[in-house]
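**Student:** Starting off with a structure, shown below.
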Amino acid sequence: MRISGEKEQILLHLDSAKGLFRSTSPMKQDHGTELQLDYSPTELLYTDVNVVPEHESNELEKSILNLEGEIAELRLQEVCLDKKRREALNRILDIKGSIRVFCRVRPFLLTERRGIHEPVSVDSDKVVVRSVGSRKEFRFDRVFHQSADQDDVFLEVEPVLKSALDGHNGCILAYGQTGTGKTFTMDGLNDQPGIIPRALELLFRQASSASLTFSMSMLEVYMGSLKDLLSPKASARCNLNIQTDPKGMVEIEGLTEVQLPNIAKAKWWYSKGRRCRSTSWTNVNETSSRSHCLMRITISRHGESKQGSRPEASKLWMVDLGGSERLLKTGATGLTLDEGRAINLSLSALGDVVAALRRKRGHVPYRNSKLTQILKDSLGHSSKVLMLVNISPCEEDVGETICSLSFSSRARAIETDREISEDISKQREKRITELEHEMREAEEQCQKLRNQIRKAEFLIHEYRKPSYSDKEDISTAHEENRKESENPILQPTERGVKRNIISPLPRFMTSTAASRHRQSAAEREVVGKARSLRSEARSSAQLSCSQSLSYSDIRLKSVLRGDSNKKSRYADTKQNLSDSPKAKCGSSDSKVASMPRNKLVTSSDPNFRTTIANHRRRMSDLN
Ligand SMILES: Nc1ncnc2c1ncn2[C@@H]1O[C@H](COP(=O)(O)OP(=O)(O)OP(=O)(O)O)[C@@H](O)[C@H]1O
């Protein structure tokens, strides 16, 4: 290491094996690497603040081990609580029924005429339709009044989503006459998002606290054929085949499945799929959906769940069914008439399947339509199904409304056949409330545990971080070198001024309390050594000499050995330095004298940290 100043020039040679300053001739440089420093006798400083004493590093390792133990314990508790939460949710869904049918009444639109008597009146679980002297009553698991908003609906949908996250297949279907709000319920509007965008939000919210990943597929059942809505190639979109494996799991051959790394990407794919959907104008709805639009989210579970009994992946289908309408009323002819017929046929098949499942019949007629074949593994067994029947409040739609309500009654016939006494019904309600309370409590505790785990993980991360980011230091230093070599017309003083005024200390140079402590200790030690060196140098007959300096910094040793990854980075810097005009002037005394002020490493220099950075950069010369 060469130290040069206006008053004297000393060459210091770094010798990590010997722990002393030693005077040698500048010509006898056995390592060939030199660090050039300007100093005045009272200001010399050469130090590195990254020295981490061994005892401190042991303490850190101990703290990290403790934290890792704590995390493992918290994770165990979390698994137990999560199991409790899942069991409670499952019990709730069992009591409520794994196939639930809701009804939603659309509000009057601005273009619709309101009669004196409204034909449709609702209760929390009942819809009554009055029409020309007749009164029909239909029961549901839940009825949403015209004033119910998207929040109210989503609250009832959430258990199915959570159950899907727990590993059960799920299916949410919107059924109803054209123009009654199926698309509004599933998609919604920008300011009133429907079930699908909310479900995506919920899934990604939950995914951050569990090891889950999601993928999405979208398809359309149009006139009995399957169309891939996410396929990049239009030609590859049509006529996909449905396959069932020996375990009864359904797969659609060639259907595009996209990974969803985040919610933004999920929404992007979803709107892409929606844009490809077939719609056409009918007498009833300007953009009537002429097909069933199915969206499948595959939830894959990684890590600890593999040991459990739950499946590794679960499917969640969200389906906006085609409008069920009397073909005469829609004014359908030609292709639109065919589309309507196809929709009605598959809806009828769906009704049969749901009815068979609710009645727990041995034979379920899945094969009667493409729609039911696709949904086969997500409608029966342990799947959770939710059907939302949308109806219109208008007088002129009463016939259609009764058809839709009859369809849903058929789906939930078993419940109405077997009249439940009021006592049993109250007991069920009570049990559901208890379970919901249990589930919420477990959920809250799980959340607390997750927060604790996150904090512990953050601490470990912080402990493992070096007090200075070498990478940042080096790249910044590298960048400085580049700028300086690109701007040779700047005088050293100008550069110094520029750095002080225009660019305050970079963030990476601000020190921590520990590093300040280490720094001042190292400063004292080095200044002491420098003083003794200077006195030795003065007393020596040789005016110019080279000295060996012992250095205890492990990093420096590794740099000297050239055995770390840092070598290449330092080497880059070295290259840069040697290219820079400043580096080239190191050999000439006159050039040394004009060494920029910011290159000086001095204890009293107000730009001390800046010089430390430059010092590091120059360490590359040691390679
Ligand atoms: N609950 C609601 N609140 C406010 N507006 C609604 C509601 N339900 C439906 N609408 C409005 O009614 C119109 C028709 O709704 P939508 O297109 O969702 O019907 P649809 O059942 O999907 O029809 P199709 O089967 O023809 O696709 C839209 O303008 C929609 O914004």
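Heads up, the Cβ atoms here are built off N, Cα and C, so glycines get one too.
According to TrEMBL, the record shows the following:
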BINDING   Gly176, Gln177, Thr178, Gly179, Thr180, Gly181, Lys182, Thr183  ATP binding site
COILED    425-459  coiled coil
COMPBIAS  469-486  compositional bias 'Basic and acidic residues'
DOMAIN    98-414  domain 'Kinesin motor'
REGION    469-505  region 'Disordered'
REGION    565-608  region 'Disordered'
**Student:** Of these binding-site residues, Gly176, Gly179, Gly181, which scores lowest on Cβ atoms within 10 Å?
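**Tutor:** Comparing Cβ neighbour counts within 10 Å for the binding-site residues Gly176, Gly179, Gly181 gives Gly181.
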**Student:** What kind of secondary structure is Thr183 (ATP binding site) part of, going by DSSP in three states?
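**Tutor:** The three-state answer is helix.
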**Student:** Going by DSSP, give the three-state secondary structure for Thr178 (ATP binding site).
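**Tutor:** DSSP assigns Thr178 (ATP binding site) to coil.
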**Student:** Looking only at the coiled coil (425-459), what is the model's average confidence as pLDDT?
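**Tutor:** Result for the coiled coil (425-459): average pLDDT 86.
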